[in-house]
Amino acid sequence: MILILLGPPGAGKGTQAKLLSSELGIPHISTGDMFRDHKARGTEIGKQVQAIMDAGGLVTDDITNAMVKERLSRPDVAPGFILDGYPRTVVQAGYLDGLLRSLGRSIDRALSYEVPEELVVERISGRRSCPRCGAVYHVSQNPPHRAGFCDRDDTALVQREDDKPENVRKRMQEYGTKTEPLKRYYRDRGELSDVEGVGTPEGILAVTKKVLGR
């Protein structure tokens, strides 16, 4: 099964992708993880990604497409896979369709997780991370025992630049402009299902499985 997960930043796509990956036994492919890998290794792509994300922007199609093509060449995707964070534009969707056709494959379902904008801003702007160990907290949903400091190593927590409210809203605007047309693209092909993205992860998973006939 090949699934595409759509939705704004903070919609819970990553959480659902991990749960679905476990349920279906297929890999979760996150463009965010691929971007972070390139940044950590200091590649030229990684440097470009860092500059764009620090400004709250979206990474260009050519960079993203190249990383996705490489990832889909690996043998673990043979039984299927879940794409989280890609495609973001109709252009990327067209590229993906062509890539899958060349492999004799096609997507089964595009799932669009629907979440109100202010809830997205609250979810993302409340995130805090430890620069030393990478632990992630949330000021209201998952706070550290000592406010502002990591439970593991007592390092002062930081808010990522692209998690600040003004940058979250900017990303939402870009999402609406570039990514919303994807819903029309997949709906016109009869491949789109909307999923309510408000609730517990387990509850949303149950709805998702029902949509998939599982």
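Keep in mind that glycine also has a Cβ here, set from the backbone N, Cα and C atoms.
Cross-referencing 30-59, 180-209 with Swiss-Prot places the feature region 'NMP' at 30-59. In Swiss-Prot, the ATP site is described by GLY10, ALA11, GLY12, LYS13, GLY14, THR15, VAL136, TYR137, GLY199, and among ARG127, ARG152 the residue recorded at this site is ARG127. Taking the Cα of CYS133 (Zn(2+) binding site) as the reference point, the closest of the binding-site residues GLY10, GLY14, VAL59, TYR86, ARG160 is ARG160. In this structure, of the binding-site residues ARG88, ARG127, ARG160, the smallest number of CB atoms within 10 A of the CB marks ARG160. Ranking the binding-site residues GLY10, GLY12, GLY14 by the number of CB atoms within 10 A of their own CB puts GLY10 at the top. The two recorded residues, CYS130 (Zn(2+) binding site) and TYR137 (ATP binding site), show a Cα separation of 8 Å. Candidate binding-site residues: THR31, VAL59, TYR86, CYS150, ASP153. Nearest to ARG127 (ATP binding site) by Cα distance: CYS150. Within 8 Å of the Cβ centroid of the Zn(2+) site, not counting the listed residues CYS130, CYS133, CYS150, ASP153, the chain contributes PRO131, ARG132, GLY134, ALA135, ASP151, ARG152, ASP154, THR155.
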